[in-house]
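If you look up TrEMBL, you'll see 6-152 marked as domain 'Lactate/malate dehydrogenase N-terminal'. Per TrEMBL, the feature NAD(+) binding site maps to D42, N105, V129, G130, N131. Taken from TrEMBL, the feature substrate binding site covers R92, R98, N131, R162. Look at TrEMBL and you will find 156-330 tagged as domain 'Lactate/malate dehydrogenase C-terminal'. According to TrEMBL, the active site, proton acceptor annotation covers H187.
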Amino acid sequence: MAEPIRVLVTGAAGQIAYSLLFSIAKGDVFGKDQPIVLLLLDITPMLPVLEGVVMELQDCALPLLREIVATDKEEVAFKDLDAAILVGSMPRREGMERKDLLKANVAIFRSQGAALDKHAKKTVKVLVVGNPANTNCLIAAKSAPSIPKENFSCLTRLDHNRACSQVAMRCGVPATHVKNVIIWGNHSSTQYPDVHHCKVSVSGGELACFDAVKDDSWLKGDFIATVQQRGAAVIKARKLSSAMSAAKAICDHMRDLWSGTAEGEFISMGVYSTGNPYGVPEDLIYSFPVQIKDKSWKIVDSLAINDFSKSKMDATAAELMEERDTAVAFLAA
């Protein structure tokens, strides 16, 4: 049996974590023969709730779960980490300006980045989920200068999965028959779900998405809007934000990061943009199509980008630059 790895989940008493922790602890993410030490961080007022989560994890009697550490102290939570899943963030309250939200989250992710820098392994893989995820991820990375920027990513896999599912439902095939959709840019309503390189398996053959769907106006209109607005639609219906689907996307993201992507397939991840082949401005965390091997991602290059796609990629980059500049000003303050 392998040595246990140390995996942190922040916001561990929250909704997403409640759907996530069981999957991690039973081996769906890091492998069926990989023992795990789970570190659970939340704010002090949530510790009694977190204690209940710990009891439930114990009561699952899982063979891979070697130890659970529940804490409100960063120096305990971030010690010797192999993986960090940063779910906790300041949620947007009614009447809150976006810059106030950014300011509150800069404080959180500056602190957590510094804790990673000081206490975690230098090989730690960091996934930021808490919104605004791209900019929070950038702040954490900037606050952990001794950890390579490549080790940081943010979650756009939920958007990716949403896009796959919309195409699959439209074509009447299982979601696993849809591959190589792309989410470009920000995990916000400016994101660009792109199916120009997507393939759909239909009755034994593989078709380009536009040929499988046979409805260009839907693919360039309602499909994009549905994926962009899906989070808001879930909140409107459930009165709570996506949790089950977010947890599933986190599992997909981390499993691919750990085990690699299938040959000829790529997935979407928010990663460091510097040196990218698509002319996206540098020093952003921007969602790209990536392939993963040996725990390292590489942006898929040489994909043809038409004018329709380019304008949408530019629009989401502009939003990310504005967010970054606001956040970095708070970081310097």
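Positions of Cβ are set from backbone N, Cα and C atoms, glycine also.
All annotation found in TrEMBL is predicted automatically rather than curated by experts.
Sequence features annotated in TrEMBL and their locations in the structure.
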| residue | record | Cβ within 10 Å |
| --- | --- | --- |
| D42 | NAD(+) binding site | 23 |
| R92 | substrate binding site | 15 |
| R98 | substrate binding site | 12 |
| N105 | NAD(+) binding site | 24 |
| V129 | NAD(+) binding site | 28 |
| G130 | NAD(+) binding site | 25 |
| N131 | NAD(+) binding site | 20 |
| R162 | substrate binding site | 22 |
| H187 | active site, proton acceptor | 29 |
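Helix, strand and coil residue tallies for the domain 'Lactate/malate dehydrogenase N-terminal' (6-152), in that order: 66 helix, 27 strand, 54 coil [DSSP]. Residue annotation for NAD(+) gives D42, N105, V129, G130, N131. The furthest Cα pair among them is separated by 16 Å. Taking every pair among R92, R98, N131, R162, the residues listed as contacting substrate, the largest Cα to Cα separation comes to 25 Å. Of all the recorded positions in the list R92, R98, R162, H187, the shortest Cα-Cα distance to D42 (NAD(+) binding site) is found for R92. Looking at G130 (NAD(+) binding site) and H187 (active site, proton acceptor), their Cα atoms lie 10 Å from each other.
Taking CA atoms as the reference points, the residue listed as 'active site, proton acceptor' and R98 (substrate binding site) are 14 Å apart. Separation of the C-alpha atoms of R92 (substrate binding site) and V129 (NAD(+) binding site): 14 Å, rounded to the nearest whole number.
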